[in-house]
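Asks: Below you will find the structure I want to go over with you.
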Amino acid sequence: MRKPLIAGNWKMNGTKASVETLLAGVVAGAGAIERSEVAVCPPYPFLQMAASALAGSSVRLGAQNCATAASGAFTGEVAAPMLADFGCHYVIIGHSERRAMYGEDEAILAKKLAAAFAAGLTPILCVGETLEERERGDMEKVIAAQIDGIIALCGIGAFGSLELAYEPVWAIGTGKTATPAQAQEVHAFIRARLAGHDAAVAQKVRILYGGSMKGSNALELLSQPDIDGGLIGGAALNADEFLSIAKAGDAATQ
Ligand code: PGA
């Protein structure tokens with residue numbers, strides 16, 4: 001059985017004071033989580049603080065993005081080796097907000113994945129369709145193109161060393177969660193698509209669900225056979241709410 005991964009994507013939120021409180025809450029409650037793996041992905045300026053607060057706990061650290069290059073004249077960018085140096089284990093790649101607002105396409109994402117792997121980080125690669133694409137009946141086509149694009153550029157082997165996150169864009173930050181059946185259908189579709197290339201990789205890869213996941217809907221989602229965790233936005237900004245999702249991950253794998 002794949003161990004659930006519950007990862008908090010804090011996006012561009014927090015102050016030194018609020019982050020200190022949130023980290024303390026997550027660390028204090030993480031000891032009670034038995035089976036789920038827990039990770040937090042704060043904004044860059046808080047990584048050092050987070051690395052110190054998480055030291056000695058089971059909670060892993062991640063970042064939300066990285067540059068395509070390892071160093072050099074790229075004003076404003078942050079390189080994957082820097083993230084590794086600051087104690088990051090994960091880096092989110094290809095979140096729909098970055099695809100939509102910063103024009104990140106498969107060619108850029110493939111370079112970011114390569115940069116993350118080279119730095120020893122584990123990418124959390126995000127895919128997902130917009131409401132318009134779903135209503136047009138193009139959901140499978142869009143997801144397949146996102147997966148196939150990365151397979152073509154990075155090889156199927158890359159999926160053996162990363163985490164996937166299915167995040168329907170219409171469910172992100174909207175309070176509209178995909179139903180467990182809707183999410184399971186897409187997760188199974190993604191796994192089958194990967195299995196067409198490599199059955200072992202498809203069985204191994206964790207596919208997280210993201211999009212308005214919270215304590216009250218987590219158990220049903222995480223109980224689906226192909227949902228292996230959650231990428232949590234809004235609900236990750238409250239330690240108790242976030243940890244209640246990790247507890248649901250425990251309960252779903254009992
Ligand atoms: P949400 O965000 O939980 O606030 O919907 C999830 C995400 O964008 O990763």
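Heads up, the Cβ atoms here are built off N, Cα and C, so glycines get one too.
A TrEMBL annotation is a machine prediction, not a hand-curated record.
Sharing the features that TrEMBL gives for it:
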ACT_SITE  His95  active site, electrophile
ACT_SITE  Glu167  active site, proton acceptor
BINDING   Asn9, Trp10, Lys11, Gly173, Ser212, Gly233, Gly234  substrate binding site
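Can you tell me where each of these features sits in this structure?
Replies: In sequence order, Asn9, Gln64, Asn65, Cys126, Glu167 are the residues near His95 (active site, electrophile), counting only same-chain partners six or more apart with C-beta under 8 A.
Annotation note: Glu167 (active site, proton acceptor) sits in a coil segment as assigned by DSSP.
Mapped onto three states, the DSSP output places Asn9 (substrate binding site) in strand.
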Asks: Would you work out the biggest C-alpha to C-alpha distance among Asn9, Trp10, Lys11, Gly173, Ser212, Gly233, Gly234, the residues that bind substrate according to the record, and give it in angstrom as a whole number?
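Replies: Across Asn9, Trp10, Lys11, Gly173, Ser212, Gly233, Gly234, the two farthest Cα atoms sit 14 Å apart.
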